[in-house]
């Protein structure tokens, strides 16, 4: 509990002084550092006050800003006093307030503060919004308490609304996104008054008829194919000095590595990696994505880690379309968490399943460094600044664990009947790639650990789950016993008002797994690993989870080392039995961090991401709620639908909760001899024994129902049932658990609200499907129930008491109250905005609320284990069902009671390990679970006529002799979309209807997928259990099983549906039943639908004879419904749909691609259409191979169809072959499920269609209004994807500086048009986003009220604007295939794929592709027969071309391919193109592109095609192999016939502008005026009239302003002709605006087609960018467009290094201590490291100045449009050929210090992007580190200015050596200060967003000159100072030499000049010394000579 204040910013300060902010709270004052600033100051400091106990309500915080002075005392500038009452409620405030001066006047000084409050319980402020990463909005919005319904004054509400809208616009402008809750707040205006809704009667919730439990095993995830694509584009700001980085990408166990880039901190890769998995979706989302950057060393295993990014794939799956596009992944070093961000890697991540198509976002220029911090690889709602946090997992103890070891040793023990092989359990915790383990407890079933595992990770963590796994330390291999996943989203919340950090427990976690008796190879061991739902309770684990977020500034590393497992614990550690690593004791239930901070209340950030293990004291006895006795009572009313294969022995059932109620399983003979011996059972005994539960014999009798032999069900079904008519066995299981039932009560209350909403929305959709009124009324009732239920929950939550709640309980209670309050307001808003015309949108928004409710209803801390129901065959467990305990939990409050408590529910049992959808039995079971003290309420829920005589205790069985009989009438009309089960592609379906113990079967209909049974099944003498008054709400379950009949063999299961009959009691009035839809499912697969209805009628006992049907039921006499031949009952007239005569017109066009049937080619096929029992047969083709088209095109038939369109039967298309002797063979079939697609409804009200079109035109751009014409009215109106509108040229110039001016049209080519279109598309995407943001109303009601108001006002008068003629023509770029954009060109000719074999057309992609046998081309038109009289000819034949053979010229333009699947072992491919149509084929094998996954082809391939013989074009990409055959990478198929005949005119796209010649020359065979005239002739319109500025076509006038037309040329006649053509082109591009006849024409385009491989259908293998042109052979075709790839331009870059200045001095003279550097400069162009060049060495620079006059000459190939350098080199030493690599044009300059002995020292570097480089400073004084910042200006393009000179800074990352050097300089205290130290600190160093400090290490004066190679050869220069044009030798100081080479100069310059005075003194002293020595040496001789000289004379 603490108060945290962050002082962010100061504004409005007077003058320039040293400022300081002082904060005072409760008498404790803290101060910021002194900041020297002007009017503004960025403070950014964090302060924390710990407090204990007392609330903040009456407290205040004082903030004072003062001016500091060295002489005078500090002068206060202003003071701000903040009341903290609001902070206590919200937990987080962001304020910007003005200060008050000494005279109490408001001053212009403003301070921005961020306040957080963490109360003792951790409910507020613990997890603030920005901690979880949600965008920070306006300060006023954060102040909104948002705690429910509050009465606000109108003025205050208006101000709040404006503040919220302002914050939203600010957030949108910053490019942020909201989480789900805030998104719903945006969609639904929450400013609603507290209006009560009274008189709401809740709809009854059905439980018994649901059929499937909440945790349906049939909905288990099926393993499927997934692709994870990762594109590593580039990296920026990698930390390190002269590093050689490469990137590794690991997904799961698969790893890929990029190439290594040399000597750069900003490498460029652009490499694509593809990972393929075959997993379930749940397992895939737990896979870890790890991106790591390494610094390559000489030896591969010595690589140094730079940083790592980790994320679960589940985060990507939660994103829209499952991908991140060009996001920056921030890197952090796991070994050094205090070092900040280590760099960023830009990647594109996509996760696709089979059949998914990615939506490519607009392209961006590679290599550009945008705002990285605003485009991070983080999920929506997560902010860029993520603090470090420590996740603590406390493992206390476990109980009820298995007693016998699983795995290999367990199987051996069971074989030897050894009962004493106990477990050695331990717990493994996995969290985002980190893994920790507790110690091992040997041979214990109730181990106690009391240990804590601590994980360090960034907050919020990029994972959704925390894995807890109980394992056995087996001698051979450790075995998983059970796994539990904690969803972090359920134990935390990111909201403002009710947010909290991840917290859990202490609470028990139930563990589930496989059966204990399962063998090692039984296939169920994966359940113990968490792969699926467990089927056996394996104990429970007492754990607690908490997370501590570290806030504040990063402190320096502590010298204290952290004990623990070290970094190796990230991948696990080796365990030792009964061994722990003790790290100190802590009080019970508390945590002790491994590194304790010396500052009280401020934890220190850990130094590394280590997993620490500590000991804890045991949890106190009173920490958990007291244990209570629980009773689980069950009554088996019915057991039916039993599989005969399981009934070889008597059947019995068992219910259990935990270990209570389970039977003991024997290990072998004699194992139960000693009943009380330890280990006699396979599993542990019940957790706690009860003393008052009777004798052991009685307890044993209640462990299951008595075994009974099953008997066949009544009727003609193969199922069995148990004879339970008179006696209903009862089961009661006593157990003992902690009383936390109030948790489940809250969850049940939310579940009831969600179930009512779900049930209401389903009914609304059913009503809408039937096209009847009442949907709006039912939706209104549903929303009223939502609001009332949410309000009721909030009122009840205030009175709900919690027994010993933990932190999560308190936080969750607050969250539920807040969320349901919010839900009520959102529902009220939906209710008020509900209109008849916005039902669909309201339902969509209500489904979002439903998903939120379902999430809130999940209880993360379940206090009770689930109830398991097992069926035994003898002593063997054969089938089970798992029932959540909360569903059967009792409560005195109805809303808190489980939905199935005290009710008879239908349970479907499945076998362990069975396939999804397999049912072994169906039970009607009564379950009641409650406290023992509430057990008296249990019998009251039973039917009163079943209770036995009053007796002591609970009943053991119930008896019944008096029965109430019912009759059920099953009206089965038909089924649709049934799966194919025969080899012919059809089925012989029949249905079995089962209710209670009776089963009836329909007749078999042969060879159909849409059986029209029209049959009534009557079930007499039905006995329905349950209370009579509850039958309306709880009717029994009806099961409809559909099978395929086989004459020789058993029936094949096709699908199952569940239904609830309409109950009619005697006192009820009879209502005629209406047909309903019931979906068929075969496991997780949709298998069609059944149209039927069911009636359950109570029989009348008033007569003296047998019970009869009540008199008001119709029909009374069923004999009239009996069919004379079959004897079956047909549907009564009141149920059968009302029929009406319809005319069906059939267009038979042709058959395509028919394969072999029974090894024979198809020669004489025929098409048969079946609809409602009538057949329409086409002619028999005489020779399919020669002419597959029909000559008799149109046929008609009149059929009787239901008036209701939703009841009309499907259309069946059968293709048969007529063979000799009258034999027929089925070739294939197709089922058209809905006939609405081919009706004339679109023609009935053209005005309404036009009005809708006009309304739509007001919402989307004008050029996107492609509506379909009258000729295609019979086709379903599918919404076309709107092409993006185009920008004017002015908007193109608003981006960065253009590389080149707009060139002359003669210099432009097709690629100019293409790249201009890409640039336009990229800008259009951002503008569309802006428009979507601006579309919101200020009050945030853009999704409801804005649309409704527009519809009410009817604003449809939209003026059409014509774009101006562009300077550069553009084309349309589609991100999908052209067929997807234009409804597969089925405007008048539809394509029906034919299938044959099992699975049929409803199978998945892998299955259906194997059964595809061809196509039928044709169409249908259905309309009432009464309208046929007004038509003189068949309507379907209007506008149909001649069906005759035609020859075409097809040009295939292949632009490029992207993201191809690797085909070679090195992860690359050598792609080339193969185009084929029929037998004709063209390829580019000789021009394959080596080692590329994103090749640019630029190929044009021409083929001659004949229709209809060659209707399909195949474009394939192959991989070239030198040895062996080439491999197919992927292919795509194009239907040429539909393109050529389509009214969309897809044979050649319309250009955006008309030009006679040049790069945009008209490339169609017909001019625009000819095309327009042809359209008018086809539509029956007069010839167009061309006028000045307009064109009249029919009754429509198209305005053609002059600015949209080409300028007048010299030739008036030619100009007039060109003007008319331009006018005609404008009309064609707006042809969809023609009333009644318009249709959108295909523009000039490039489409993106997906590539697939037949071996892996549905899995994307890449994308192909291409287009095709089709020309008739009888028309001269224009020349093809030249799209050859642009060849790079060869340039020569001349770089002259003149001087350096202020280079850091790296060397120290050991003799003199003088600092110097031996400077030289190194440079190269990125990608051309082999051409690295260096200057000579400037030795002994004492001031950092260097003189060089040295020239570098670099030659490279440059692509101007891409702004990339093209390099061709061999990718490896063993490569045989060169490959092309592209990198941004970047020049690297490095300054080094030369060392003769040791390695040279790196001093600094600079990277210059040649197309966008910063201009250098004019002199060294103005050259600062600011020029090295991203986006520093002014900038220029060297390819435009061609010559540039200046001073540029070189920088490097600050490391410890730099700190030591600065310390040495500071200690030196030299008198002569260095020039480099002058200036502001921000001119010498800067800190990036990751906290890395970059310092200025020198300045380089350079001159750049860029020439083309041709210009360079005309004026050559030499490298260095050589000829030609040599440079002068620099005039370096005399000190610039090598000491070892010139020792004399060294003495003269460094000794004599510096120490000459000392040398003179020394010389004088030496002379004096020598003189004295000589004196002393000669004095004795002289003295002796003087003395003895007289003597000698004598």
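Just so you know, glycine gets a Cβ as well, placed from its N, Cα and C.
The structure displayed is predicted, hence computed values, not measured ones.
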- Query: Any idea which of 1321-1356, 1357-1392, 1393-1428, 1429-1464 is down as region 'Disordered' in TrEMBL?
  - Reply: 1321-1356
- Item | Stretch carrying region 'Disordered' according to TrEMBL (options 405-455, 456-506, 609-659, 660-710) | 660-710
- Note on the structure: In TrEMBL, of the candidate ranges 265-312, 313-360, 553-600, 745-792, the one given as region 'Disordered' runs 553-600
- Which stretch does TrEMBL mark as region 'Disordered', out of 1242-1261, 1262-1281, 1282-1301? 1242-1261
- Message: Is it the case that the domain 'C2' (368-501) and the domain 'C2' (1-97) touch, counting contact as three or more CB pairs under 8 Å in which the residues of each pair are 6 or more positions apart?
- Response: yes
- Out of 1-97, 209-329, 1675-1824, which stretch touches the domain 'C2' (1430-1549) the most, going by CB pairs under 8 Å? 1675-1824
- Query: Under DSSP, the domain 'C2' (1125-1249) has how many residues in helix, strand and coil?
  - Reply: 18 helix, 57 strand, 50 coil
- Message: Could you tell me the mean pLDDT the prediction assigns to the domain 'C2' (1125-1249)?
- Response: 85
